[in-house]
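In what follows, a single structure is set out as structure tokens and then discussed.
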Amino acid sequence: MNSKNISNKLVGVIGAGGFGTAIANLLAYNTDVLLYVRKQTSADEIEKTRISAGQVLAPNIIITTVLKDLTKYCQVIFPIIPSQGAKELLKELAPLLDLQHILIHGIKGLDVNWPHKSDGEKPMGLPELNRSHVKTMSELITAETPVNQVGCIAGPNLASELAQNQPAAIVMSSASKMVTEIGQRFLRSDNFQVYTNTDMIGVELCGVLKNIIAIGAGCLSGLGYGENAKALLISRGLVEMIHIGKAMGASVQPFLGLAGIGDLVATCASKLSRNYTVGYRLAQGETLSQILNTAGLTAEGVYTAKTIRGLIAHYKLRAPITEMMYRVLFEGVSVQEAINYLMKYPLNVDVDFI
Ligand SMILES: NC(=O)C1=CN([C@@H]2O[C@H](COP(=O)(O)OP(=O)(O)OC[C@H]3O[C@@H](n4cnc5c(N)ncnc54)[C@H](OP(=O)(O)O)[C@@H]3O)[C@@H](O)[C@H]2O)C=CC1
Ligand SMILES: O=C(CO)COP(=O)(O)O
């Protein structure tokens, strides 16, 4: 396949949440879009108002509730839903897909197959994980579907800023040049740049891992700490992301670009970030369940913190921020206690990953 042979007619998007809608509108600058909405009531409402997730839809976005139509009419499909539902969605999609399809996901989460004891019981406490228990979304797509042309998009892309057509950029990543070219062709517009990177696992992990650090940044702001503290968190957080990423098979390079440091800065600085918001509200005294009960608060970092904590032991990594974020989220450690622990953590060299 050559990127010029790819059908220009209709590009598919799965998921009409904040980011799915923003991407549908960006794609609509260049092509007609078929936007899959799973609930008929939501689809009817979006059709009636032409508003999805608070964003006005471009006129050339068509709504469908029929997954089969999406795979029939669209060769290129962007799945953009929370990672918790990804495996189920891909299982439903798999029989409808073939080698002609190209999937480019925008999901900043992981799939985890939590280990069970031989009697089928879940082990007590948080089990240690190894890499075979954890899949990035591109790995999940490859495992669950016949598709072999896979890509991902990641970067500093707060959905509501994209919706206002503010200047922004994204990283389009795939091992396949054809896929990155397609992503560029469909997404690029006057106010939206598309950079490329061939380390797809690295780019995916940037988007996944920065969420844990963004929760930490929200915690600092929630306690009233300022920019010195946040800069410390961002720089040490980046080092930690790189070590975890390398252990999971990524190269350093994407972490130093838009998908890594770029997205880390955006989400650690913005109240628009849901992960940041979780940290902020935790520091202000709300419980995690109170926070997660808020409608529309998709905070992938909460689940990622648990998963990565399970991998750290396996890789014997020093990842004190991730460890502390896990304890704050799930073990009742207060944000101030976590900060005290981190400030006493034995000093190490500043940059030890290059
Ligand atoms: N928002 C942002 O700024 C950004 C988000 N992302 C990532 O994008 C992903 C999605 O986030 P976001 O759009 O914000 O999430 P939202 O919480 O705003 O919306 C999720 C949407 O996905 C839909 N959905 C869930 N499961 C399915 C399914 N099986 N089939 C079809 N639709 C489904 C939901 O539909 P329903 O209403 O039926 O539940 C809902 O419309 C996450 O991984 C996030 O990290 C990445 C960059 C920026
Ligand atoms: O990833 C994002 C922006 O790039 C969105 O962050 P949140 O999921 O924390 O809202």
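Any Cβ shown, glycine's included, is placed from N, Cα and C.
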Taking Lys87, Lys91, Lys108 as the options, which does TrEMBL list with Arg274, Asn275 at the substrate site?
Lys108
Listed co-binder of NAD(+) (same site as Gly15, Ala16, Gly17, Gly18, Phe19, Gly20, Arg274, source TrEMBL) among Ala143, Ala154, Ala159:
Ala159
Based on TrEMBL, name the residue from Glu181, Glu227, Glu240, Glu300 that is recorded for the same NADPH site as Phe19, Arg38, Lys39, Lys108, Ala159, Arg274.
Glu300
Where among the binding-site residues Ala16, Ala159 do you find the Cβ with the fewest other Cβ atoms within 10 Å?
Ala159
Counting across all protein chains shown, how many other Cβ atoms sit within 10 Å of the Cβ of Gly20 (NAD(+) binding site)?
25
Can you figure out which of Arg38, Lys39, Asp263, Ser273 (the binding-site residues) comes closest in space to Phe19 (NAD(+) binding site), comparing Cα atoms?
Ser273
Which Cβ among the binding-site residues (Asp263, Glu300) has the fewest C-beta neighbours inside 10 Å?
Glu300
Using Gly18 (NAD(+) binding site) as the reference point, find which of the recorded positions Lys39, Lys210, Asp263, Ser273 has the shortest Cα-to-Cα distance to it.
Ser273
Reported as an integer number of Å, what is the Cα distance between Glu300 (NADPH binding site) and Asn275 (substrate binding site)?
7
